[in-house]
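As given in TrEMBL:
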{"type": "TRANSMEM", "residues": "21-41", "note": "transmembrane segment"}
{"type": "TRANSMEM", "residues": "98-117", "note": "transmembrane segment"}
{"type": "TRANSMEM", "residues": "129-147", "note": "transmembrane segment"}
{"type": "TRANSMEM", "residues": "159-177", "note": "transmembrane segment"}
{"type": "TRANSMEM", "residues": "189-218", "note": "transmembrane segment"}
{"type": "TRANSMEM", "residues": "230-250", "note": "transmembrane segment"}
{"type": "TRANSMEM", "residues": "300-316", "note": "transmembrane segment"}
{"type": "TRANSMEM", "residues": "322-342", "note": "transmembrane segment"}
{"type": "TRANSMEM", "residues": "354-375", "note": "transmembrane segment"}
Amino acid sequence: MAALPSNTGGVMDEWLYRFRTPLLLTGVFLGYLLHASNGVWVDDFWDHSAAVSELIRRPWHPHHPQLGIDLPHVFLTPYSLLVAMVAKLCHLNSVESLSLFGIINLSLLLYGVKVFISTNYQEHKRATYFYSLLLILYFWGKNPWNYSGFFHSNIINFSLPYPSSFATGLALIGIALNNKLNTTRESKYLIGVLLITICVLLTHAVAFIFLCTGVVAGTVVHNQNKTQKTVILISLLLCAVCGALLWPYYPLIDLLKGEANVYHLSNKGVYDNVILTLWPVFITIPIFIKKIFKVESRKILVLIMLLMGIYILAWITNKYSYGRVISYIVMLIQIIFALRIAELESYIYQKNRYIVKYIHILIITILFMAFYATIKSSITRLLTITNSIVHGRQILNQQTFGYLNILINKINPDDLILANARTSWILPTFGAKIITLTLPHAFVKDHDQRFSDVEEFFNPKTEEKDRLLVIEKYRPKYILIDKCNDVEWINIANILNKSGNFDSVFEDEKIKLYVVRE
């Protein structure tokens, strides 16, 4: 619907209608910019930051981004390489470049949702887009899952720099291009889908499943030239897989053959508390049940059914990582519900010109309340940034990692540091190599032993001889005590001070760094 009907309430209603989507997007962008400027990065962000940091230094022949061993790493993806290339071009570090890509990924996601809606529905596109974004952000139950690839308001700011956001945006665009391909014979759409499929396959497995099922659903539902379209579809997927197998930074074939199994257990949470988490989605189903079986929603219905089958199969086979397709199932249902709301809105416009004004005022009020804290904090943060620029100070905060910045001047790239598992997660961003990862990763067969050895080293009850065995086994150059995360740091420091094998080379209120004697 390009504009309001002429009898729906005048200039104010027209203004509210036209600008409600920009107002929503402004709040989302401001929220992310505030989050990024404060440097509140945690958990998996440091895996991706390590990969980008390694590719900044060695873009063509990268080592393992985190461990001091010669193994491939699954996060050395086209996305990480792109982020690294931009970082080199703009003289950014990995954290800054990933933060920048959060904005790019958000734009890609928003565009992806828009073109997905445009190629599936012919009416009420603008209103459907607005309500889809609103529902994707807020229409969830209690404690929605905080995995990457989910885009509710609790997690979106954390996950925007992740490959999953980039891959999801591309997947939505790829499905839209395939819809275009099914109605035309233009080769540019085929080439676009092929390139996107290769990139998504190498970047994020769950987004690849979403893309493939979307392409299959679009092809199956399309009525014309089904045999020809099926041949093209199979050829496309085979070419995409063959193209992805040529990726030099990690062996995709090994990942497909079982290396990815280490990630499944940590994703089991997507099967917990499903009713409490998704109850708003469940109660909307009767509202639009007739709509979902109409022709214009048939492709989305087939896509939902395919994804539901994958979700159930992943649970049966204990391949829980693939259960994260629930994010896309919910997104699709939210889009269909958004269309139903848009139709209802249009109906009200035609019946009562005065209700329009109050509906839009209510919507704008809700948006303002939702983003009030963000807008207030953003203004304060903007003033702080302006003051920092005037006085030549650093613009970005580093709330979760700034205390480790000192290491840049204390260590050399690739120096091996022994630190607790939590702190070790961050260290490769600064060029260091570590002994253990916090969670299991593909290709690292001895993760459990490495994790156990590090835990034993930092246990105050460990005997000196056992601690020296860990040193002899991994031969780190430095030992780092994190006073914020090592509960027994005083006891550990006293033990290391009494030993003749370690020399303290730096200490402040948060960390203490020892060099291991040769």
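Glycine residues also receive a Cβ, built from the backbone N, Cα and C atoms like all the rest.
Because TrEMBL annotations are produced automatically, they should be read as predictions rather than curated entries.
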The transmembrane segment (189-218) vs the transmembrane segment (129-147): 3 or more CB pairs under 8 Å: no
Best-contacting stretch, by C-beta pairs under 8 Å, relative to the transmembrane segment (98-117) and drawn from 21-41, 129-147, 159-177, 300-316, 322-342: 159-177
For the transmembrane segment (129-147): best-contacting stretch of 159-177, 300-316, 322-342, by Cβ pairs under 8 Å: 322-342
